[in-house]
């Protein structure tokens, strides 16, 4: 079984490289913030510095760990789901469900183990850089020494293993339990409905975001800015995660609503919508990081801008909170941006056979590029729309509570910048990957992929 797992890794380099990068980067981020806990718990650290370090590790690191876990789970679930055809063939030649699950688990154990080990030096360096930033901004005493210890390593490995293995087990188990005929059909088209676990998780996350909005608007003392921010910031993160988990439903609804407008784009628009409807899970995959980064970055940044406009003079505590907000936005945004590029590459690379077949029946590279851009444009629009709604879960109640205005008087430039960066990353990646796929000879591609 180990030999089969290694052979599978060699034959699917793109998918497993994407999974490796997700685990590697995610574990590095979690370890960097976990090192702040190790550093803060060292003997002799001043109380004020200890408090700051523990807050950074628990608040920013905690939310970072949640998003990293969700991203790692999504990446591994995508790579497992893309192998539906291979798993169906294994079942058809006599492999038992237990053998199929065991094969996939061993493959991902190899990927996760290698990525987590290689993340150790990067996480250590990231933690040192984070501590240096806290020292330079005078939030931590310059005498505080750095420590990368059991908390960083344990939390990093724990998040990587639990998130990846849980996602792999659920996805592989669902695929392995199908009868052979159903498995072969599922390999040709996505499931028409979302899994119940994903659906309920998304609804629970949305309820959590709305609860934070209600608490911010009605319960939390408006004079306690730190408490108000801590609850309000959770709203956009919860809402972003919730909408991301519900992305297949949202993309499917958008495809249905836009069906009449697609006719205006001619055959390309109709083909793009048909492709999205046929494989909603695949089409919705890049939408997830778009929603998360738009919601978290926009909500948190505007929350801080509103605070700065109301409280023009900031003490050291206020500066600490502002730094935490900016660090959280930076970490989440960078990781989500990497995941966005990663998932687009994996999704489009998996369509090499489809593109090659379309070229053999007369489709030109330019037309295929247009189709890919239309599909990515639709999913991007859905992600930006619901990411904006998720950000409003924080902005509206926080603005009402602090400025007594539904729409606070702050610049729209930050929002436009977030939109521009996300849109540029999405479309540029889609164009580059599609052009790369189109440069290959279609007959050679089909021969290589065994079609």
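Glycine is treated like the rest: Cβ placed from N, Cα and C.
No curator has checked TrEMBL annotations; they are predicted automatically.
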Worksheet item: Which range, 84-107, 108-131, does TrEMBL list as transmembrane segment?
Response: 108-131
Worksheet item: Same chain, outside the transmembrane segment (199-220) by at least 6, Cβ under 8 Å from its Cβ: which residues?
Response: 227-228, 231-232, 234-246, 249, 390, 393-394, 396-398, 400-401
Item to complete: For the domain 'ABC3 transporter permease C-terminal' (327-436), would you mind checking the mean pLDDT of the predicted model?
Response: 86
Worksheet item: What same-chain residues lie close to the transmembrane segment (108-131): Cβ under 8 Å, and 6 or more beyond its ends?
Response: 5-6, 9, 16, 19-25, 27-36, 39, 53, 56, 76, 80, 140, 144, 146, 148, 152-153, 156-157, 160-161, 164-165, 168, 327
Practice prompt. Between the transmembrane segment (151-172) and the stretches 12-33, 240-262, 368-400, work out which stretch tops the count of Cβ pairs under 8 Å.
Written response: 12-33
Item to complete: Could you break down the residues of the domain 'ABC3 transporter permease C-terminal' (327-436) into DSSP helix, strand and coil, giving a count for each?
Response: 95 helix, 0 strand, 15 coil
